[in-house]
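Here's the structure we're looking at; comments come further down.
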């Protein structure tokens, strides 16, 4: 579809959350279609995880975004979907790949939202494809468990914070989940949640550097629990790390079952977003150094630095391999 002004920021760059929402819609369509391809109980595919995705190139107002999806692996109860996004300048015909993403879905019964159904298997062109897919499946399963175990933090407001501190830029958004946010089963679309997360992360980044910012990448997004219609969700974001030209922001979503639910607040989703600061001409700008004050902030900064260096080393290795 064509990108319009309400999809973008004031500089004309399309929000990362808009692209993430389109990616998730494509994944939901293809995985739900596949899971209902054989006779049996009807179901809807629910998003469980999005692997790290890099925003290779910004998309601008007036360009056309073309999203394509392919199922690359199935386990007994989950589907792996590979999604590519290509932008097209319809005035010049120029095309470029902007995103590549991997998503995992589970099929939930239309009759019982808590019942996970079996996934019809796919045919692989080579045995190696199945083996590689199984390896990816085991890795994401382990990472989901580790991420869930460290999800206990809460963001509290800071009175009169100093500029460039964690408290200065941290932000929260409260949203009442309505019918338009939800699937046929009455829980929130993963794409809706990711769009809100990107919005909060973007506010944190803009507050920190006071410039135009764009989403550079998103670490794995883990959907720990479903969010039901009628819930009140709080999306919170805080700066964890800055390099010379990038900012890492931790974002998590807490849900309060609001209507006829005795359940207490719970952590539903968590992820790390990376942003870069751009000039009016679209050139990278230096990012102000994050000032850490507490021991927890210093610990999170070092953890973020570790993720940054690991990603940088992996990217350099890929470039060297491509050069060969």
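Each Cβ is built from the backbone N, Cα and C atoms, and glycine gets one as well.
Straight from TrEMBL, the features:
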type	residues	note
ACT_SITE	9	active site
ACT_SITE	198	active site
COMPBIAS	296-306	compositional bias 'Basic and acidic residues'
DOMAIN	1-111	domain 'HotDog ACOT-type'
DOMAIN	167-281	domain 'HotDog ACOT-type'
REGION	295-324	region 'Disordered'
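Broken down by DSSP into helix, strand and coil, the domain 'HotDog ACOT-type' (167-281) contains 26 helix, 54 strand, 35 coil.
In this structure the C-alpha atoms belonging to residue 198 (active site) and residue 9 (active site) are separated by 12 Å.
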